[in-house]
Amino acid sequence: MGYKVVVVGATGNVGKEMLNILAEREFPVDEITALASRKSLGTEVSFGDKTLKTKDLDTFDFTGWDIALFAIGSDATKIYAPKAASQGCVVIDNSSLYRYDPQIPLIVPEVNADQVVHYKNKNIIANPNCSTAQMVVALKPLHDRARIKRVVVSTYQSVSGTGKEAIDELWNQTKGIYVPGQEVKPSVYPKQIAFNVIPHIDVFLDSGDTKEEWKMVVETKKILDPKIKVTATCVRVPVFVGHSEAINIEFEDYLDWEEATDILREAPGVLVVDKREAGGYITPIDCVGEYATYISRIRQDETVENGLNIWVVSDNLRKGAALNAVQIAEVLGSRCLKKG
Ligand SMILES: NC(=O)C1=CN([C@@H]2O[C@H](COP(=O)(O)OP(=O)(O)OC[C@H]3O[C@@H](n4cnc5c(N)ncnc54)[C@H](OP(=O)(O)O)[C@@H]3O)[C@@H](O)[C@H]2O)C=CC1
Ligand SMILES: N[C@@H](CC(=O)OP(=O)(O)O)C(=O)O
């Protein structure tokens, strides 16, 4: 016996990956339905070798459905997630709306799967920001061994983190640069993204940080350890899929880079590729469609007492969003909503 599963935002990049991953991982599904906005009514989306016709979220009744995976952004989530939760369906939400609510668990299964039981507080579980998810998968095993004091992270985030229009903007700007008269003015981003990098993701806060940077700080504390200090600089780069991060870590105890490498090789969700030669590291193109969080360039930082540098790359639509959501559903199913 399996679950009745709803994918909300099924026509989007994250929603499509949710359907792919549910099928790939053979999540025990008895019945599945795909929802999006009214304008997408009847749009066909794939679920394994089946085709589903998208239904209208606005008129959908969640009564009798077990789990809803949401990927529609905070504004629409605010309207529909409480409705689904109150109709008895457990919501696993990809937006940032509920992440900072102390009543709502914020989960990366490799790090804090035990928190899943708190879904009962509001019938909602939050999925972290894509940049946080891959970072905490890498930090957790190192923290367990040597206690992390401080993290300095710079991100290189792909345009798929913004959504469908941003993917089109990078594609059209890139083509337009070569075709006279077809230049494409920035519309999704404040500056040209093709052949450029933009040190600005999400809105600016009074502190001068962007909200994306703030999210990485606050979410790491909630998921991993409130004592860890984090400072982030988040940058958009002209890459379609795959977020990269250069992470500098300062520990309480000394941790040799070779031992760190051994620890990371054994860590759940992690693959180490670190040959210290040309091409012996992971780039975003290498991680597209993969589940793992890849770690390369593991080395000592000799400028502080107990420091390491690492390079972390993952598919932001997968571990950063859809895969993590499906993993949460797997934990929820096996620990809390047992069937059969
Ligand atoms: N955890 C993370 O780090 C990440 C989270 N996300 C979250 O997932 C969300 C979706 O991202 P992504 O798939 O890339 O975005 P896309 O732009 O590719 O897709 C958006 C999806 O949301 C649907 N949608 C939007 N508004 C409504 C509405 N009012 N009612 C019903 N459906 C609606 C769209 O339906 P339609 O096609 O009919 O318009 C579409 O299916 C993001 O906004 C973000 O909150 C995304 C990436 C990473
Ligand atoms: N902000 C991330 C993706 C995302 O949607 O994040 P959030 O769910 O925190 O809004 C990016 O642009 O790469």
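Note: Cβ is positioned from N, Cα and C throughout, glycine not excepted.
All annotation found in TrEMBL is predicted automatically rather than curated by experts.
Among the features that TrEMBL reports, active site, acyl-thioester intermediate is placed at Cys130. As annotated by TrEMBL, active site, proton acceptor applies to His243. As annotated by TrEMBL, NADP(+) binding site applies to Thr11, Gly12, Asn13, Val14, Lys39, Ser40, Ser160, Gly161, Asn316. Annotated phosphate binding site per TrEMBL: Arg99, in sequence order. Among the features that TrEMBL reports, substrate binding site is placed at Gln157, Arg236.
DSSP assigns Asn13 (NADP(+) binding site) to a helix.
Nearest by CA distance to His243 (active site, proton acceptor), out of the recorded positions Thr11, Lys39, Cys130, Gln157, Arg236, is Gln157.
Residues distinguished by a CB atom under 6 angstroms from ligand 1 are absent from the recorded positions Arg99, Gln157, Arg236, His243. In this structure, none of the binding-site residues from Thr11, Asn13, Arg99 has a C-beta falling under 6 Å of any atom of ligand 2. Cβ neighbours within 10 Å of Asn13 (NADP(+) binding site), excluding its own Cβ and spanning all shown chains: 21. Annotation: Cys130, Gln157 are the recorded positions among Arg99, Cys130, Gln157, Arg236 whose CA atoms are within 10 angstroms of the CA of Asn316 (NADP(+) binding site).
A strand conformation is recorded for Gln157 (substrate binding site) in the three-state DSSP classification.
A separation of roughly 10 Å, to the nearest angstrom, links the Cα atoms of Arg236 (substrate binding site) and Ser160 (NADP(+) binding site). It is Thr11, among the binding-site residues Thr11, Gln157, Ser160, Asn316, whose Cβ has the fewest other Cβ atoms within 10 Å in the structure shown. Here the recorded positions are Lys39, Arg99, Arg236, His243; the one with the fewest Cβ atoms within 10 Å of its Cβ is Lys39. Across the residues the record lists as binding NADP(+) (Thr11, Gly12, Asn13, Val14, Lys39, Ser40, Ser160, Gly161, Asn316), the two Cα atoms farthest apart are 26 Å from each other. Around the residue listed as 'active site, acyl-thioester intermediate', the same-chain residues six or more apart in sequence whose CB sits under 8 Å from its CB are Gln157, Gly161, His243, Asn316, Leu317, Lys319, Gly320, Ala321, listed in sequence order.
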